[in-house]
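Residues annotated as domain 'PA' in TrEMBL: 88-171. Residues or ranges marked as transmembrane segment in TrEMBL: 196-214, 252-269, 275-298, 310-338, 344-364, 371-389, 426-450, 462-485, 491-509.
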Amino acid sequence: MKDTKRRNRSCNPSSIFPTLTVIYGVLFFILSPTASADGSLTFCDNSSVSVKIKIWIDGVEGQTLEGQSATFSAKIPNAANELSRQSVVLTNPLNCCSNLSSEQLSGLTALARRGDCDYLVKAKVAQAAGAAGLVVINDSEDIVEMSCSEKTALDISIPVVMISKLGGDALNKSLAAGGKVELLVYAPESPIIDPGAAFLWVMAVATVVCASLWSEITKSGETNGNYDQLSPKADHKEDEENEIIEMTTMSAVIFVISASTFLVLLYLFMSSWFIWVLIVFFCLGAVEGMHSCIVALVKSKYRGCGQKTVDVPFFGTTTVMSLLVLLFCMAFAIFWVWTRKESYAWAGQDILGICLIIAVLQLAQLPNIKVATVLLCCAFMYDIFWVFISPLFFHDSVMISVAQGDSSSGESIPMVLRFPRLFDPWGGYSVLGFGDILFPGLLLSFTVRYDKAKKRTLKDGYFVWLAIGYACGLLFTYLALYLMNGHGQPALLYLVPCTLGTCIVLGFVRGELSELWNYNASESKQTLVGDEEA
C-alpha cells in the first residue's frame, strides 16, 4: 500500500518540481547582476556598450558602422535622434595626445588614431579642446575595450567610442575628398525576449524528443528487409545490434577529457583552416545522418519502396532509392557550404545538424543510470569550467571564444543549432551547442527503452517527465542568460539537474532507483522471453 501511494504521488508534477524551483530561484538570485551606476558620473569601471554610428556625407545617409564605448565614456543615448548629428573633423596631431586648438574642435566630433598615449588622455585632450565627442580608429579590424585604471570619479562628459580600421579608413577617405561628414552615435538595446530564442527552444525540445523516439517513429519500416546504404548488410537485425555503441563509465570519462582537449586546441589554434576541417567533418557526418533519416522515413511509409538495386563502383550493390537519397544529401550539404555566409544559411545548418543528432542518438546508448550519472556529471563540470572558470587560466572564456569562431575570417564552428534574432537591432543568432542536446538526449533515449521494456504508460514512465525537465532546464538557461546581461551560459548547468535530477528523484520516490542504476537491457530481454515461454 505504501509503494502504491508513493507511485501516485510521483505522477503529480507538484511533488517533483517545487524543490527544483526553489534551488534555481536561489541560484538565479546569486547570479543576478548588481545595480550599476546611473551614468551621472563617469568612472573607469563603467559598463562598456556596443554602439552604432550613422554616417552622413554631404547630407546623404551612408553606411552604419559599429563600435564600442569606453568604460569612462559619458552615457550614450539608446535611440537615434537625427537632431543630434555632429560634424566630424580629424585631430591635429592625429593621435590626439597633445593640446588641440579649441577653434578646430568646438562643438564637433574628434576623429583620432589609436596609439602614443592612453585612451583616457585622448578623451581629456579632446574635451579640453571643446569636442562634443571622440571617435578612436583602431589599428586593426578588431574593436577592443578602451579602459583606464583610475579609481576616482572622472570629469569626462563626452561620448568616447572606438571603431575598426576599415570604418576609420572610410571616414578618412570622405574627409580627404573635402566632403562634409556627420555622424550620430547611439547604443540601441536588445529586446528582453526575442522570438528567435523561443523558436530555438521549440527546435531543441522537438529535436531531443524526436531523436529519442526515432526508433518508434520509424519502426514500421523495420520489416522491409535490408537497410539500404551504399554498403548493404546481409542481416539487418544482427548488424543493427553491432552498430550500437553502448557507453561505459570509463568511456564517458574519456569522452569528456577528449572533448576538453579538443576545445583547448580549437581555442589556441583557432583559424579559418581549422574551422574548415570542422566543416568537412560536420558535412560528412550530417550527410550520413540525413541519408539514414530519409531512408528510414521513406521505408516506414512505403514498405515496397527501395527494392530495385544497382551496382555502384567501389561500393558494390545498393538500392536505387538509397543512391538517389545519398546524392540529394550530398547536394544539400554542398549547397550549404557554398552559401553558409548568406542570411538563410542557418536553416540548412539546422537541418543538417538535427539529422546528425538523430543519427548519433541511434548509434550511442546508455545502458543504465550509473553510466548516465558519470557522463552527465562530467559534462556538467566540463560546461561550467570552460565557460565560467577558464578565464582564470586563459584570457577569455574558452567555450564562448570558440563558439564565436574566427573573427578575422568570419568563419564559425558549425556544431550548433541557431536561429536569427528577429527583433534585435544588432542582429546575430541565438545558438545552442550540439552537446546541450546530445548529452540529455542519451538519457531520454534510455528512458524510452526502459519504459518500453517495462511496458510503462506515458503517465507511469520516465520519458515524459524527463522531456518536461529538459524543456524547463532550457527555459532556466534563457532566464539566466537574461539575468547575466547576455553573458554566455553553460546550458548543462541547468539541463543536467532538470533531467538527471528528475530521473533520480522519480526513481527514488518509486522505489526503482536501484534497478535503474544497475539496469541491464539484455538480462531484461531474457527474463521477458522466459516469462512469455512459461
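Any Cβ shown, glycine's included, is placed from N, Cα and C.
Predicted automatically and left uncurated, TrEMBL annotations should be read as such.
Model, not experiment: these values are computed from the prediction.
Counting Cβ pairs closer than 8 Å and at least 6 residues apart in sequence, the transmembrane segment (252-269) and the transmembrane segment (371-389) reach three or more and so form a contact. Within the same chain, the transmembrane segment (371-389) packs against the transmembrane segment (426-450): three or more Cβ pairs sit under 8 Å, each pair at least 6 residues apart. Counted with DSSP, the domain 'PA' (88-171) comes out as 21 helix, 18 strand, 45 coil. Remark: the transmembrane segment (426-450) makes no contact with the transmembrane segment (275-298), by the rule of 3 or more CB pairs under 8 A. Most Cβ pairs under 8 A with the transmembrane segment (344-364) among the ranges 275-298, 310-338, 462-485 are made by 275-298. For the domain 'PA' (88-171), the predicted model reports an average pLDDT of 85.
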